[in-house]
Amino acid sequence: MTTTATSKATGPWGRFSAAEAAVNRAVAGSRVGSYFKLDARKSSFTKELCAGAATFLTMAYIISVNAAVLTDSGGPCTARDCTPVATTNSTSTVAPGPECTVVGANPGYEQCLARTKSDLIVATAVAAMAGSFAMGVFANLPLALAPGMGANAYFAYNMVGFHGSGPIGYRTALAVVMLEGVVFFALSAVGLRSRLARLIPRNIRLASAVGIGLFLAFTGLQAHQGVGLVGASPSTLVTLTACSDVDPATGACLGGTMRSPTFWLGAVGFLITATCLARDVKGSMIYGILFVTVVSWIRGTSVTVFPDTAAGNAGFEYFKKVVDFHMIGTTAGRVSFAGFRHGNVWLAFLTLLYVDVLDTTGTMYSMAEYGGFVQDGAGAGGGSFEGEYRAFLVDAGSTVLSAGLGSSTVTTYIESTAGIREGGRTGLTAITVAALFLASLFFGPLLMSVPPWAVGPSLVLVGAMMMRVARDIEWGDMKEGVPAFVTMALMPLSFSIANGIIAGLGVYVALHWYDWARHGYRKVSNALDERRNQVAAATGGEVGPAAAQDVV
């Protein structure tokens, strides 16, 4: 036994452990260790590196998922990017109309979408890298940032609309995101952010999270950005599809249902990811996406992402580069405030601000409490934690940067718990995440080749994870339960996060106004009674005209 223990201590593993301990002692005793408070927070340099890697693995999916969702908006692409079509006599060409933006209808528009997706992959990685780095350096917290799920779906499908079919143009939508970030920064700077979050009724806050989860799941089940399990129906609006052939314009099923090979491949990816989540495997969200993507890279199959077409061949040639650094060419700096005279713009602004206040503030408090940063007497309900002020400023500032790059709102990721579980307690964890996002910038060809049926299952599972807060809603009180249900039901059914929030708040006010009025009446009545008692006491117990004359 003694010989075995000695061999372990002097063998390769022992030498590695000794070297690791030496590195940790050196860093802890340096200015870096002092700045990040490694000893004070009972952490070490190598532990922070491992924690950062764990956090990155759990949220790396956002690079391809966010880019895919935002590309559905069409980005800066319009009908002007479509390839001219030949006339009937084939001697000349004419500019196509808006119909050319239908999926797969025009090669010029498809090429523009490909460029936009490449830009958004870089924008997502840069926003995540900058936000996480700033969080680590300035706030010294192990929290990672990236463009948030929910806000990106609202941007793509409600604000800009699928391929620009919504009420707000892409450039104006970016201006809305930027303005929201600036206002968010100002609210954080003056300390109003957490107070605003507490003004929203608790059950509406919880229902908003659940509704956004349902919205994401519904998106992941559709064909354009998911596995294609549900689609349009002329009689029931939505129905089961997974068809072998789908109308690209309407999404209607043209072949038999449940015959789509890409759906079944996506279903396998869903089961892989769900199994990993159930077993608490690190990087669970990655494995299903990775499996489906790798299988889809095989050419000559019914599930390939590189079919034998002009677009498929071009995509495969780019994919073979593997490593390539792409410079943003079309999405950065596209902000325009020209459309702010429309009411839809201000509704979108208030919705983004509402979601950001609830999502990011709640996530930060939860992560701070989980990591043990909350100060004595503080809590997730409205206390404070170490680095709170700077963390809020970094989060808001990252949104402004993200809008400038062409992406949506940045938020603190709940996946940061993976790194905290690994022992991450300082900003070095967030800096490690930033370094890994930087490395991802050089693998654009691989990230560009992730198909929708690989991304869809992750959207569904993100939605599933957001369901957990539904148990905290006060369902036994109908004045609380009904507004919460309206909020979460209307988000997916109207395909609008804003509609769900507005309806839920409206129903909440309608069901509570009587109680508020009665409470106000009682306060006024009690104040008047107290005043009468004071007058009676001053006049020896008489109240009336005689007492008034005595007072005079």
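A Cβ is built for glycine as well, from the same backbone N, Cα and C atoms used for every other residue.
Unlike curated entries, TrEMBL annotations are predicted automatically.
Annotation comment: TrEMBL describes 168-192, 204-223, 263-281, 428-447, 482-511 as transmembrane segment.
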Chain residues in Cβ proximity to the transmembrane segment (482-511) (below 8 Å; excluding those fewer than six residues from its ends, i.e. six or more beyond):
150, 153-154, 157-158, 201, 203-204, 206-208, 210-212, 214-215, 217-218, 347-348, 351, 354-355, 470, 473, 475
Sort out the residues at least 6 away from either end of the transmembrane segment (168-192), same chain, that have Cβ-Cβ distances under 8 Å to it, and list them.
73-76, 155, 159-161, 334-340, 342, 344-345, 348-349, 352-353, 356-357, 389, 392-393, 395-400, 402-404, 406, 408-409
Within-chain partners of the transmembrane segment (263-281) [C-beta distance under 8 Å, separation at least 6 from its ends]:
226-229, 242, 287-289, 291-292, 295-296, 303, 453-454, 456-458, 460-461, 465
